[in-house]
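The structure under discussion appears below in the form of structure tokens.
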Amino acid sequence: MGLSAELKEAFKEFDKDKDGFISCKDLGECMRTMGYMPTEMELIELSQQICECSTENIPLTSRSTSSSPLGGGRVDFEDFVELMGPKMLAETADMIGVKELRDAFKEFDSNGDGQISLAELREAMKKLMGEQLNHREIDEILRDVDLNGDGLVDFEEFVRMMSR
């Protein structure tokens, strides 16, 4: 299961009323089911981040009149990915080793511009697998890992790809 699929699955499981949000108090439990063991302090910091973000991003006219921002600090899927993505990337980088990841990235990035193009991905896959993947398979890989939709794979997206 890929990173975003794993995050989506976990998010859906804890979005109990299916309104597109999970509460701060469910966030810790959700993280634990994904293999993270956040301390109480980390959870407090995360919920403060969520509350700060939610008050900054909501127009004044649509804020609730209660003193608690966004119904006591709830997280939508985008916020959840923002919170969990770096944790998962850091864990992957620690397990594999950042130097090894950088070296592997350089192998894929044949022109050294810091991004892997579709052609570079195709060439690297051919070298790695010893066979030509068809265009559809390469496009699918790129679509799956190209989170910002620019048609290229940057280092962060590469780390995500390698963590699958």
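Placed from the backbone N, Cα and C atoms, the Cβ positions cover glycine too.
Annotated features, as they stand in TrEMBL:
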type	residues	note
DOMAIN	2-37	domain 'EF-hand'
DOMAIN	96-131	domain 'EF-hand'
DOMAIN	133-164	domain 'EF-hand'
Stretch-averaged pLDDT - the domain 'EF-hand' (133-164): 84
Number of helical, extended and coil residues in the domain 'EF-hand' (96-131), per DSSP: 24 helix, 1 strand, 11 coil
